[in-house]
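S.K.: A single structure is presented below for examination.
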Amino acid sequence: MSWQTYVDEHLMCDIEGHQLGSAAILGHAGTVWAQSTAFPQFKPEEIAAIMKDFDEPGHLAPTGMFVATAKYMVIAGEPGAVIRGKKGSGGITIKKTGQALVVGIYDEPMTPGQCNMVVERLGDYLLEQGL
């Protein structure tokens with residue numbers, strides 16, 4: 001299965017009539033492996049800050065997390081494994097695997113829990129596959 005298929009079928013899937021606004025699978029250095037059409041372009045320093053937060057949980061909390069210059073308030077995640085952010089009525093979930101970052105960005109009517117479920121389920125599967 002191609003990386004694009006994972007994005008199209010597993011991240012941009014229909015959940016109770018809703019879907020993520022955008023999603024992607026990136027390498028740890030920020031290289032895009034696959035992405036949905038509307039996925040924003042991360043800046044290198046944004047990826048570096050996200051990776052630092054995985055290594056040093058809490059690093060982003062005081063300043064917030066920036067994604068394509070949009071600022072997200074960092075909310076409870078799983079230290080070293082999942083970073084979650086909130087911005088207005090939407091948010092972001094980033095799951096780290098051995099080689100990749102699985103990213104989902106949502107807005108209402110999708111809920112944070114639905115976004116978390118979709119992103120973390122694929123991330124857990126990739127971890128099980130050694131990726």
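Backbone N, Cα and C define each Cβ position, glycine as well.
Under the heading disulfide bond, Swiss-Prot lists C13-C115, citing a curator's inference as support. The feature motif 'Involved in PIP2 interaction' is assigned by Swiss-Prot to 81-97. For T111, the entry in Swiss-Prot reads phosphothreonine.
Tell me about the surroundings of these features in the structure.
M.R.: Taken residue by residue with DSSP, C13 (disulfide bond) is part of neither helix nor strand, so it is coil. Sequence-distant contacts of C13 (disulfide bond), defined as residues of its own chain at least six apart whose C-beta falls under 8 angstroms from its C-beta, comprise Q19, V118.
Taking DSSP states H, G and I as helix and E and B as strand, the motif 'Involved in PIP2 interaction' (81-97) has 0 helix, 13 strand, 4 coil.
DSSP assigns T111 (phosphothreonine) to coil, not to a helix or a strand.
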S.K.: Among all protein chains shown, how many Cβ atoms are found within 10 Å of the Cβ of T111 (phosphothreonine), not counting that one?
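M.R.: Counting Cβ neighbours of T111 (phosphothreonine) within 10 Å gives 14.
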S.K.: Starting from the Cβ of C115 (disulfide bond), draw a 10 Å sphere and report how many other Cβ atoms land inside it.
M.R.: 26
